[in-house]
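In Swiss-Prot this protein carries:
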type     : residues : note
SIGNAL   : 1-22     : signal peptide
TOPO_DOM : 23-340   : topological domain 'Extracellular'
CARBOHYD : N25      : N-linked glycosylation site
CARBOHYD : N80      : N-linked glycosylation site
DOMAIN   : 123-219  : domain 'Ig-like C2-type 1'
DOMAIN   : 233-315  : domain 'Ig-like C2-type 2'
REGION   : 295-332  : region 'Disordered'
TRANSMEM : 341-361  : transmembrane segment
REGION   : 365-402  : region 'Disordered'
MOD_RES  : S376     : phosphoserine
COMPBIAS : 376-394  : compositional bias 'Acidic residues'
MOD_RES  : S389     : phosphoserine
Amino acid sequence: MPAGTAARAWVLVLALWGAVAGGQNITARIGEPLVLSCKGAPKKPPQQLEWKLNTGRTEAWKVLSPQGGPWDSVARILPNGSLLLPATGIVDEGTFRCRATNRRGKEVKSNYRVRVYQIPGKPEIVDPASELTASVPNKVGTCVSEGSYPAGTLSWHLDGKLLIPDGKETLVKEETRRHPETGLFTLRSELTVIPTQGGTHPTFSCSFSLGLPRRRPLNTAPIQLRVREPGPPEGIQLLVEPEGGIVAPGGTVTLTCAISAQPPPQVHWIKDGAPLPLAPSPVLLLPEVGHEDEGTYSCVATHPSHGPQESPPVSIRVTETGDEGPAEGSVGESGLGTLALALGILGGLGVVALLVGAILWRKRQPRREERKAPESQEDEEERAELNQSEEAEMPENGAGGP
């Protein structure tokens, strides 16, 4: 149940109970003392009275003793017959009854229905938008209220007037959480709107209400936002995989309609000028392609604030192995075959060049030896002549001695 409905139902039940039971509805702030008077009770002893209560602290009716007891820290009877709750809490919500006999001997009953409340801090709009775009959904912000009891409600206002969600141009997402220890509530309300074109600078605010009498709502600081006209989407592009749109029979073709626009437009597909009966999607998958899938494809993007925009067409063609144009998967194989052939030719030329070089080198070796042989013979003749001249000089030197 939404927090607002729960609060209104609580107020209605409280009013009906007071009317039917003839009791009095009491609201007390959490943590503050509360005094309930016992009607008809004498202000001074001797007194004949009885207080009993049924609250979150008890499983059934609890009768309090005028002489005091363990419950004095929670609720105790004062000398004048009134009941004091030193510090009310959520567990003190419930029914309190007093039965007293006045001086005339008449019995008087008092009934109280006690509810507690806690006023939270001032609500706040977190993550507010800096501007709004016309004709498209925009998140205005999130209104947050912390530390309330009961939960209460959050409401949005536009230019000072209550903004009622319609589920179309005005959307509100609410969330209510309760602290497991304190029992206090935290409320969050996210507002999304679709501004109209040509609008001015709208002012948004949020308010919190406990739904109790004589309690004024708490308001956030207002935020004023600028509404800008949506610009035309950029060019639409149709991507195809495999590139070129050529595929072997049984292969897969993926068509992607790429367009930069916010919010994303609806994309429909066209084949050979006729719309395809498919759900809107920016991706078209063609598995196990056959010749019946051949044709010209294009995509049409429809933006809320602009007319439809069609992409340039692409052609899908199914080719058998050996046909003109390589089939999908054969491009890499033919490329590798060509590379291997080129490497084989280069390797063969290299071997031939090595053989020719070896043959030429072998032919040049005998010529070099022939050239070296005469040179060595002349050297020997020169050496012989030198030796003869040296031998002739030696006797002459011997004859000239003493």
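Using N, Cα and C of the backbone, Cβ positions are placed for all residues, glycine too.
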Integer Cα-Cα distance in angstrom, N80 (N-linked glycosylation site) to N25 (N-linked glycosylation site): 22
Mean predicted confidence [pLDDT] for the domain 'Ig-like C2-type 2' (233-315): 88
Counts by DSSP class (helix H/G/I, strand E/B, coil) across the domain 'Ig-like C2-type 2' (233-315): 3 helix, 38 strand, 42 coil
Summary of DSSP states over the domain 'Ig-like C2-type 1' (123-219), given as helix, strand and coil counts: 0 helix, 53 strand, 44 coil
